[in-house]
Amino acid sequence: MDKTIVFKCGGSVIRELSDTFYENVRSLQAAGFKLAIVHGGGPEITNMLQKLDVKTEFVDGQRKTTKPVLEVAEMVLSGTVNKYFVSELAKHDISSVGVSGKDGQMLVADFLDQDVYGYVGEIKEVHPEMAEALMEKQFIPVIAPLSMTEECQTLNVNADLAASAVAGAMKADKLMFVTDVEGILKNGELLDVVTEQEALTLIDEGIISGGMIPKVQSALSALSGDVDEVMIVNGKGSIFTGETFKGTRIVKEKEAVL
């Protein structure tokens, strides 16, 4: 087996991942899957900004990244959060290497809108060769969502979009958004499979709402590229039974589901 899975773990769930989740990751790697992880860190960035009394503001739900905010974000993402994740993987006998999107110029970006958002990037190019080399040697690259411009200016990037871009560049078989819910629920029931059009309808109907909307939108963005399938899974429980994955699968067309 030679399949690739990219996990995206949000900052709010990283410290709540279950032992079962890590055991599943180890089992997938042992079964021959090549794995990569992209993580966020929003809550911990907020906490550190408050501790250091660095002023911040949000524009359209997105943190405006001034230079002082960028320095804290890089410290937290590449330092605290990234190395915590690497340590937790090591505790579960999983070899990983913590990097950011700056390493190997993996994520090349331009300013999204410097006047409005500050040092926030929009990804223009992905160079996954360094991460793929690690995966070939059975290391899991744990990637913090930071990027650089062609002039080597550091920019913060949205972790969901970073994961989608990395998965597309790697032509991953699956992109998994690891959350604290089982997947997409409708009337309290887990939806096993949702097509692109069904997902858009569920958003319009308000069934997909709140923080799930950007994840589903990122999933749809990934599907428009080279990713075959996106899943929303629960990192607080089991995501893999040994034969099947647990969660909601988002696919282009149901006819394509095997």
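The backbone N, Cα and C atoms fix where each Cβ goes, glycine too.
Among ARG63, ARG249, only ARG63 appears in Swiss-Prot as part of the substrate site alongside GLY41, GLY42, ASN156. Taking all protein chains in view, 22 other C-beta atoms sit within 10 angstroms of the C-beta of LYS215 (site 'Transition state stabilizer').
Comparing local CB density within 10 A for the binding-site residues GLY41, GLY42, the maximum falls on GLY41. LYS8 (site 'Transition state stabilizer') sits 13 Å from GLY42 (substrate binding site), taking the CA atoms of both as reference points. Under 8 Å, Cβ to Cβ, and six or more positions away along its own chain, ARG63 (substrate binding site) finds GLY42, ILE45, THR56, GLU57, VAL69, VAL120, ASN156.
Here the Cα atom of GLY41 (substrate binding site) is found 15 Å from that of LYS215 (site 'Transition state stabilizer').
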